[in-house]
Amino acid sequence: MSQQREKVAIIGGGSFGTAVAKIIGQNVLLHDDIFEPEVLLRMTDSTYNGEKLIEIFNRTHENPKYQPGITLPSNIIATSDLEETVKDATILVFVLPHQFLEDTCYKMKQFLKEGTKAISLVKGVNLNQEGPVLLSTTIVDILGIDVSVLMGANIASEIAKDQFSEATIGYTNEDNANLFVTLFHTPKFMCTPINDVPGVELCGALKNVIAIAAGFSDGLGLPGNSKAAILRIGLLEMKKFAQHFFPEVKTDTFFESCGIADLYVTCTEGRNRKCAEAFAKTGKSFKELEAEMLNGQLLQGTGTTEEVYKVLDNMNMTKEFPLMSAVHDIAFEGKPVTELVSSLEVN
């Protein structure tokens, strides 16, 4: 008797969700002994040029709002129905803004099959009275399933165009990690599994805070040496934060794609950097810039900055993280952007 095949569902059809859906759609067909061919992609009920985006997607196999000109495999089927998306799934791929993760998990809980597993591509962090809470832990606590994470230097538009990229899969269950490597790995999207969920996940979250600092630097017109210092100091603060709250985090993780590579590309090309540069130049709020510049996408770095600062402030540790604290004070407390330079001098 043949082993039952895995059924994949993707939660989130934005820019990154669409890009990884292309990879997943191709790989489930390539490995049809392991995966069922049809993949459901849960998208919101948004419109594009007056037509429902889901209807456009299922007719044309393109997502013109978030990945124009990119054709996805026809076995990716979009739907807004959460129950329909997850009820038969054995693998859940979370690729939605972290602001919506907890509510989505509660809504889907009643529909899940026993033995379902998940991988989270969501970047961000929650917090409680004890400190930071991993988003993967939030999924585990609500759904009671094993959760791996995937992070890395992954600009969505480049992945959608099949340009070479790397990613890091953090896992606790090695069998599931090997399954996820099969699901995501291609010659142009190289996936490395490591047994360090908190390290991989926190790299993916904290780099967005540093990217805001890099954007401030660009907005101020600081030279390359200064921006290089931001990346170096930022990486040290990321490592210090991660290993303080999660002592099991491995130093080697910061040299994987999820670490220094993702930090570099986010500080040079990402949306958090772009909006932070505009913040420094225009004085507009991040909410205004998000609405003007991101075509319906949401910033992740601002929310993460607030969460990280709350943790540090509650524990009287803000002075130990001068760069992250300066990003918060500039973004949310009205401090001048030039305060960024002062934070570098402290280091």
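Heads up, the Cβ atoms here are built off N, Cα and C, so glycines get one too.
Per TrEMBL, the features are as follows:
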{"type": "DOMAIN", "residues": "7-176", "note": "domain 'Glycerol-3-phosphate dehydrogenase NAD-dependent N-terminal'"}
{"type": "BINDING", "residues": "Gly12, Gly13, Gly14, Ser15, Phe16, Gly17, Phe100, Ala156, Arg271, Gln300", "note": "NAD(+) binding site"}
{"type": "BINDING", "residues": "Lys123, Arg271, Asn272", "note": "substrate binding site"}
{"type": "DOMAIN", "residues": "196-341", "note": "domain 'Glycerol-3-phosphate dehydrogenase NAD-dependent C-terminal'"}
{"type": "ACT_SITE", "residues": "Lys207", "note": "active site, proton acceptor"}
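Sequence features annotated in TrEMBL and their locations in the structure.
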residue : record                       : CB count, 10 Å
Gly12   : NAD(+) binding site          : 24
Gly14   : NAD(+) binding site          : 22
Phe16   : NAD(+) binding site          : 24
Phe100  : NAD(+) binding site          : 16
Lys123  : substrate binding site       : 27
Lys207  : active site, proton acceptor : 32
Arg271  : NAD(+) binding site          : 24
Asn272  : substrate binding site       : 26
Query: So of all those recorded positions, Gly12, Gly14, Phe16, Phe100, Lys207, which one's Cα sits nearest to Asn272 (substrate binding site)?
result: Lys207
Field: Pairwise CA distance, Lys207 (active site, proton acceptor) versus Phe16 (NAD(+) binding site), rounded so that it is a whole Å
entry: 17
Task: Using DSSP, tally how many residues of the domain 'Glycerol-3-phosphate dehydrogenase NAD-dependent C-terminal' (196-341) sit in helix, strand and coil.
output: 115 helix, 0 strand, 31 coil
Query: Where the record says Lys123, Arg271, Asn272 bind substrate, what is the longest distance in Å from one Cα to another among those residues?
result: 13
Message: Helix, strand or coil by DSSP: which one applies to Lys123 (substrate binding site)?
response: coil
- line: Mean per-residue pLDDT in the domain 'Glycerol-3-phosphate dehydrogenase NAD-dependent N-terminal' (7-176) works out to 97
Task: To the nearest whole angstrom, state the Cα distance for the pair Phe16 (NAD(+) binding site) and Lys123 (substrate binding site).
output: 11
Cβ-centroid neighbourhood (8 Å) of the substrate site, Lys123, Arg271, Asn272 excluded: Asn208, Ala211, Thr266, Gly270, Leu299, Gln300, Gly301
- prompt: What's the longest C-alpha separation between any two of Gly12, Gly13, Gly14, Ser15, Phe16, Gly17, Phe100, Ala156, Arg271, Gln300, the listed NAD(+)-binding residues, in angstrom?
  reply: 20
- request: Could you state the whole-number distance in Å separating the C-alpha atoms of Arg271 (NAD(+) binding site) and Lys123 (substrate binding site)?
  value: 13
- request: Using C-alpha atoms only, work out the spacing between Gly12 (NAD(+) binding site) and Lys123 (substrate binding site) and round it to an integer in Å.
  value: 13
Cα distance (Å, whole number) from Lys123 (substrate binding site) to Phe100 (NAD(+) binding site): 12
